[in-house]
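Everything on this sheet refers to the single structure shown next.
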Amino acid sequence: MKEPGDKAGSSILLQALDGHVPKRTPIWMMRQAGRYLPEYREVREKAGDFLTLCYTPEHAVEVTLQPIRRFGFDAAILFSDILVVPHALGCPLTFEAGEGPRLQPVTDADDLKALRDDLDPSKIDRVLETVSRVRAELPGETALLGFCGAPWTVATYMVAGRGTPDQAPARLAALINPDFFEALIDRLVEASVGYLVGQLRAGADAVQIFDTWSGVLDPESFRRWSIQPIKRIVDGVRAQVPGARIIAFPKGATLAGLTELVLRTGVNGVGLDWTAERRATRLALGGRCALQGNLDPLALIAGGDALDRGIDALMEDFHGAAHIFNLGHGIRPETPITHVERMVAKVRGF
Ligand code: CP3
């Protein structure tokens, strides 16, 4: 076991990403700023639509800080969305109430040509301003996480123009028109490198790459469309920001897939969804990177014994490992706040 290093300072989350076992388990939640919080709903209403909220630093800073004030999490995550990247590449985007995102589909080389090569600074600079303003307001021991979507996951929304049950439109495009699909992935890799470097330079302490849809890929496609682009992002970011701390969240990946991803990309941490085999994952990857996760978001809705037992089992399986407590996916809007309070108290009590 390594001793906590100086580089991570007082942040126990950064200590875990540096491979140390902190004195207590750091905790944050995916989607921790969101509709389950009344104070979020209030700002959301004031801002108007969701994208306006993402692009208005004053409001985005406020909702980023809300869960820190309420629960004292060990990390804040920039309030934005993974689809800001296609939007800033020039792809029209709207969020319909209750329906999720709608993009103008990008399905062939001509559609791709119509997009920008770089991210529109008039959009992205506002997100970067949010990052630096949040960093200035956060306590030193609270880490600030930036993020982007993995190219595969962002591409699935761009090709279909929306979320679909198994992202068949993107999988089909990759099979029928691999040259187009590769060019789309390349564009997203490049944009994501610049975006993450911008966030790190603006004050993010680490970044997470969300690959929400990696679980729909067969092993060969997972290598090509999930691992390889993430590796290119990791290498590209670290070429400009040496030692950048990066977490990958390949939702639905198998243990073989997770292992290959960690070994090939050299990420500092890997996010596990709630289906992960924790002990086998720890045997395979413990000591190589921090393990983040993986409480079932439904256990947090259920509360009571189901919640208590879920947390106990999780803490026991990762006891003594470089572990970052999180959910296995984002918190859902119907989750009672009292259950979040109970979870935080329990994790802090171990
Ligand atoms: O984690 C955080 O608190 C930071 C903010 C964040 C959001 N989205 C805010 C958001 C992050 C990191 C994301 C990532 C994201 N966005 C992903 C990857 C992670 C995951 O959850 O799978 C994906 C696939 C998206 C795309 C997206 N954005 C969808 C499919 C939706 C609609 C579904 C929904 O929950 O409404 C969004 C909207 C969205 N992004 C909301 C929030 C708080 C809800 C918008 C609202 O306030 O109405």
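The backbone N, Cα and C atoms fix where each Cβ goes, glycine too.
TrEMBL annotations: computationally assigned, not manually curated.
As recorded in TrEMBL, the features of this protein are as follows:
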type: DOMAIN; residues: 26-35; note: domain 'Uroporphyrinogen decarboxylase (URO-D)'
type: BINDING; residues: R31, Q32, A33, G34, R35, D81, Y157, T212, H329; note: substrate binding site
type: SITE; residues: D81; note: site 'Transition state stabilizer'
type: DOMAIN; residues: 145-161; note: domain 'Uroporphyrinogen decarboxylase (URO-D)'
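Features per TrEMBL, on structure.
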{"residue": "R31", "record": "substrate binding site", "CB count, 10 Å": "17"}
{"residue": "A33", "record": "substrate binding site", "CB count, 10 Å": "25"}
{"residue": "R35", "record": "substrate binding site", "CB count, 10 Å": "14"}
{"residue": "D81", "record": "site 'Transition state stabilizer'", "CB count, 10 Å": "18"}
{"residue": "Y157", "record": "substrate binding site", "CB count, 10 Å": "28"}
{"residue": "H329", "record": "substrate binding site", "CB count, 10 Å": "22"}
Any idea what the Cα distance is from D81 (site 'Transition state stabilizer') over to R31 (substrate binding site), rounded to a whole Å?
10
DSSP tally for the domain 'Uroporphyrinogen decarboxylase (URO-D)' (26-35), helix/strand/coil in that order, comes to 0 helix, 1 strand, 9 coil
For the domain 'Uroporphyrinogen decarboxylase (URO-D)' (26-35), mean pLDDT (0 to 100)
98
Filtered recorded positions, from R31, A33, D81, Y157, whose Cβ is under 6 Å from an atom of ligand 1
R31, A33, D81
Taking DSSP states H, G and I as helix and E and B as strand, how many residues of the domain 'Uroporphyrinogen decarboxylase (URO-D)' (145-161) are helix, strand and coil?
10 helix, 5 strand, 2 coil
